[in-house]
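One structure follows; several queries about it will come next.
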Amino acid sequence: MAQFLLTVLQVLLALTFWIGIGSGSSNHYNAGDHVPLFVNKVGPLHNPSETYQYYDLPFCRRGPVIEKQETLGEVLNGDRLMSSLYKLKFREDKTHFVLCRKRLTSSDIARFRDIIAQDYYFQMYYDDLPLWGFVGKVEGDYFGQGEKHTKYYIFSHLKFNVLYNADKVIEINSFSDPSYMVDISENTEIDVQFTYSVSWNLTSERSETRMNKYSRASFHPISQKIHFFSFLNSITVVVLLIGLISFLFMRHLKNELRSYSIGDEEERKEAGWKLVHSDVFRCPRNISWLCAILGTGTQLLILIIALFALAFTGFLYPYNRGMLLTSLVIMYTLTSIVAGYTSTSFHSQFEGNKQKRSVRLAGILYPVPFFIILSVLNTVAITYGATAALPFGTIVIIILIFTLLNIPFLMLGGVLGNRFGLLEFQPPSAVKRNPREIPPQNWYRRKLYQVFLGGFVPFSAVVLEWHQLYASLWGFKIYTSPGIMLFTFIVLIFLSSSVGIILTYIQLSGEDHEWWWRSILCGGFTAVFMYGYGVLFYLRSDMTGFLQLSFYLGYTALLCYALFLVLGTISFLASLMFIRHIYRSVKLE
């Protein structure tokens, strides 16, 4: 199975490399060439999921608006690029060029005041480079005629500073000039002249590195300090766990194996893991569901590895519109073959039939919760008129991808797993017909305590880095340190495996042979802590409103559910290898 998974991973890496090559910008311009500036969306600063189309607000517009043709990933990302009245020709400076003269009605003014109070920002794209700006500002309270007042201003002048190298655009920044503000504190109609300026400057920076400016935030001293403490915290937990494992294997378990193998009768009489050798490999309950979890968890693990490969090759950089979501759709579809292959391979070791049920369950285990949550969130977005609402055509495309590509790949993996998968499982000892009765357990061997500990230890080692990830996903901090993220993920895998092995050994030492499902729960429960921390993160943030709350909880649930399946699978596989090793090392009668 390892060779099959390696082959699939190689195909994915080749595909992601091809995707990344196609995503690069290679636009060349001559002086005076028109370079279109597209307006994208607007929204409150603290609610990243609550965005609306640019022209939903009473900005300058003239005639029909041309919508830019977008990719699937851009639509899923909530991008809605449209043409604008801004004319930024290559290497052509402009000073106080009139964009439009607009009469703001009382309703327009009320709308602007409302969005300015919520710190609305706008986003634009120029030669695939993002730029932002604020709509207006609120000035401090003042007292007049015994009443408290607040001043609202709208920015009427926008400055563009563009850097170029030879015939390519390298960087663009926008500045809302505070010298040109219009007071809209009163509900009276007002005429506003919107203007803009453009200045071009030569730079020595190459076009290949023009996106690096969006990564510099990750190397801010404060960010580096947080990463350092996260690294130190992870290393501390890993070292402590390595010491515990060394004690377990080098002293306690090794002595048990030696004494049991040489026929020490006193050792044989002791209660412990040795007494359940004829039950520990008994076919677990709900084998189809267990194999489906293993298949889906392995699929998602391969997908995560492929994403890291994309990040390290530089194809997943900040604000590369839709690249991440496009990659996720393609890679999840292709890795469905892994889910079918893995679930069938494990199922065939215990039962010679009913593998089809495992494949079907693997096909719905993650997609069904995903589509349910997506449908609810899409309904909420449609109600609010947000750009996160998926058009009908996009929904049809997603359904077609799932039915015409995802399901066939899943079935193909099931066929390959049935024919070329793992051989029938041969336990080191014969399995008794009747299961051994499980004696009463001490409190530290009970399921609740073990599952809690199995989730808490790995989470405590990565909590600082997990906070940074939340801040990147739901704030405006840029997480572009794939090396640190990969290190954190490796630590998470190591701790989930190690803690799973230790807890499985403790469970078997209490003569409790039903370890299969508990090992999955112990590993996956880390994701429950992650979701709980996500709720705490939301409560401490400035996010508000039902739309943002629903998207935050929904997407966080999907992320943590995926990690539950991945970490549960890792914990199970580590426990399975450990159990096979210790029972093969014993000379059973």
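Here the Cβ of each residue, glycine as well, is placed from N, Cα and C on the backbone.
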Of 410-415, 524-529, 578-583, which range does Swiss-Prot call motif 'Endoplasmic reticulum export signal'?
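In Swiss-Prot, the motif 'Endoplasmic reticulum export signal' feature sits at 578-583.
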Please verify against Swiss-Prot: do D177 and M543 share a side of the membrane?
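Yes, Swiss-Prot places D177 and M543 on the same side of the membrane.
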Given the ranges 157-177, 451-471, which one is assigned the annotation transmembrane segment in Swiss-Prot?
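From Swiss-Prot, the annotated transmembrane segment range turns out to be 451-471.
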For the topological domain 'Lumenal' (383-394), jot down how many residues DSSP puts in helix, in strand and in coil.
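Summed by class, the stretch gives 5 helix, 0 strand, 7 coil.
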Please work out whether the transmembrane segment (395-415) lies in contact with the transmembrane segment (362-382), by counting C-beta pairs under 8 angstroms that are 6 or more apart in sequence and asking whether there are at least 3.
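Yes, the stretches contact each other.
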Check the transmembrane segment (362-382) against the transmembrane segment (451-471) for contact, please; criterion is three or more CB pairs under 8 Å, pairs 6 or more apart in sequence.
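They are not in contact.
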Could you pull out which residues elsewhere in the chain have a CB under 8 Å from any CB of the transmembrane segment (519-539), counting only those six or more residues past its ends?
290, 293, 447, 450-456, 458-459, 463, 466-467, 470, 474, 492, 496-497, 499-500, 503-504, 549, 552-553, 556-557, 560-561, 563-565, 567-572, 575-576
What are the DSSP helix, strand and coil residue counts for the topological domain 'Cytoplasmic' (504-518)?
9 helix, 0 strand, 6 coil
Six or more residues beyond either end and a Cβ under 8 Å away: which residues meet both conditions relative to the transmembrane segment (551-571)?
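49-50, 293-294, 296-298, 300-301, 304, 365-366, 369-370, 373-374, 376-377, 380-381, 388, 454, 458, 473-474, 492-493, 496-497, 499-500, 519-528, 530-531, 534-535, 538, 543.
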Would you kindly list the residues that approach the topological domain 'Lumenal' (540-550) from elsewhere in its chain, counting only those six or more residues past its ends and only Cβ-Cβ distances under 8 Å?
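Contacts with the topological domain 'Lumenal' (540-550): 46-50, 376-377, 380-381, 384, 386, 474-475.
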Grab the pLDDT values for the topological domain 'Lumenal' (472-482) and give me their mean, rounded.
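Value for the topological domain 'Lumenal' (472-482), mean pLDDT as a whole number: 70.
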